[in-house]
């Protein structure tokens, strides 16, 4: 026989080396959809313990970006891994569909409501626009391989959800947390509406910073407080502000009761003035004012100045000095200009002293017609006019322009104002909501754990939540208030339920179409309908109730996990916590996981203007979704997540390593039938048993990492296993046995059994992350099985068996190191043309007693481990001077080129080649494998 190729067990598989994911994945998606795979998964977990991950709804506007992809992929990995762990883990995706951004898009097409279209028509257009946006985003999310109930998602604009949002508000009211008040709120003059804290961004803004003098109304009484009888000129209290436009609303000057204040006389040019400043700020103020000289005439506490009065700098009235806890001496003058209508701290201290909440500014940011001097002027344009008037009145001490952080509208990117308006609030204090929420935060697991202190600080400092908006497209605050007293209707709870029933049938338009008499009868004339809409953060924040309570998958089960970007501590996590605590007295979640933002390779935020945006659609179309999924999983999400073309290229390289490992496994279990060919772990060759044992240990580590949501640990350990323990060691060693042993021999079936068991485990390990590739592998695994890996649980066939005769795991680890040292020597010899390959080498191992004894255990099978034709072990002391040093102090090496004949079939150089006359070019081992019972292997 001259052609021995046919006697070899060469690897064969339909699993291609190249993933071609961009083309192959859409075909799989089609198959998953046709088979209703998500429902198959749901059916496979009926009756199991539930795990509920509640989806934070993205906004239904625009294409998804890389941050959306990170979020949805992380959620998908968790849901799939929990399913593999045996949980019933449904995933109901959602969308946030009301609110200003959608209104603005629709306005661009049809104009503002009430102009070319009615408010009702405008809402229809908003609903149509949002639905179209949902369709586009849904396709993009599904392309990522994310499983979920995509064709039955929750939308905050679903009639049933809108109705349930109204019902949740009713429960908040019943619990006593709602109140109406005139309070300063973040107000966007472009939107013409109040903004939630989460809708406010801070950007740098150039503003006029001014020091303004308020002259004493009673100089004599004031001087007496400082123990001074006389001083030159008038005496003024000085404030520092960066919002000159708020001075028309000034109603007080705030000082700190426990701070020492100084009466300072200073000379500048030919003018002498006396001013009151915080003592610790005197020197910095005098330097800022550029005075020629100054002298402290006296000191007193802020407490002693309470209720003294000072003249408004340009209006004909005086204002009191009041004590405020918000006053500091970090900067400025230590005296705070107080306008209760334009600031939260000002409002709080103003309430304490019964100050007027003056609000001279209209919805559009223009002073109202009854505003003295500045009527009709826009506040930001009026800044210069206020400054000019102060200078004219002699009240301006200093003007300088500064760049500082200032609140901006997240949508318009324009500066906002604080403005007192009648609004509806969820109170943080009147029923102890703040205290209760802080307690619930402690009961929740925060991942990473710094999330707890972050949201605690936010809850400790947050004001009452303004939940009302003056918008068209939103869930109505479905209340009736008395026309004269402004009190809620005493039967509000049942009225809201009746309204909710109508909304459930007709949508939110039902509220605006509703004739009050239909519900109130003869009382209708006494009450008016509230026309405000709810903050969209209320919509999404109440979804634990409005959505989860209405889905049969979630019935009777608490939510286990919320997972969003780190910006949601003040967004969705916060609003959900407030509403759930107000309604039910507890947090809506057991765990909260946050991930960082995506940044480019230089750590910069993604921006179209910078040109550093990486669109997920581009990645999936070019590289495939599994590459994107692997990048997400391999990145530590607890910090910023860096992505670039180079990083994705590295992910593609890592993917190829996993794919090549899977391909080797599949190619070498070709023809293997687990029903008839599976060798029990106890009966395997020792090296195969070690590989199964190592895979079993790895599975424990991977499952723990999945359980702790440490997906980067999963990928690191998986890559290590594929590259080192499998690729560089086990798979390399078994090639000879796999290819040359008799096809159905114990030696080969043992090896195939190990490969099969590892394949069964590995396909499940990668399924939550590399979902497309896992499906591709699953379809080619031998044996009877369900159609999809995603209905399976973690593989239970990995037995961690150690026989008395087995070499220890420590030995195999040491052998892996020895093999690495041998490989280095052979590789050097190849570079120097001493040998053509490892099988041309004969290796001598000079080892100390302990290592010699261990290596000798393998007998002739040591050569198979080292991939050489011949090995011999000698005592370390016998090493010649030219023996090659290794990293191991217990080992030196010698290498020479084999002088024996090369076997045509196995390529080993052996002395017994040609001993069998019928096969003159083969070694006796190969003859046994062709014509006999096959070689016997014990160790490798």
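Note that Cβ sites are derived from N, Cα and C of the backbone, with glycine treated the same way.
According to Swiss-Prot, the feature L-isoleucyl-5'-AMP binding site maps to 564. Taken from Swiss-Prot, the feature ATP binding site covers 608, and the record attributes it to sequence analysis. Here Swiss-Prot flags 903, 906, 923, 926 as Zn(2+) binding site. What Swiss-Prot lists as motif ''HIGH' region' is 58-68. Look at Swiss-Prot and you will find 605-609 tagged as motif ''KMSKS' region'.
Across the motif ''HIGH' region' (58-68), the DSSP tally of helix, strand and coil residues reads 3 helix, 1 strand, 7 coil. Cα of residue 608 (ATP binding site) to Cα of residue 564 (L-isoleucyl-5'-AMP binding site): a distance of 23 Å. The binding-site residues examined here are 903, 906, 923, 926; by Cβ neighbour count within 10 Å, the least packed of them is 906. Annotation: 564 carries the greatest number of neighbouring Cβ atoms among the binding-site residues 564, 608 [cut-off 10 Å, Cβ to Cβ].
When the Cα atoms are compared, residue 903 (Zn(2+) binding site) and residue 564 (L-isoleucyl-5'-AMP binding site) turn out to be 62 Å apart. A Cα-Cα distance of 60 Å separates residue 926 (Zn(2+) binding site) from residue 564 (L-isoleucyl-5'-AMP binding site).
Note on the motif ''HIGH' region' (58-68): its mean pLDDT in the predicted model is 95. Note: the Cα of residue 906 (Zn(2+) binding site) and the Cα of residue 564 (L-isoleucyl-5'-AMP binding site) are spaced 56 Å from each other.
Counting residue by residue with DSSP, the motif ''KMSKS' region' (605-609) contains 0 helix, 1 strand, 4 coil.
Taken residue by residue with DSSP, residue 926 (Zn(2+) binding site) is part of a helix.
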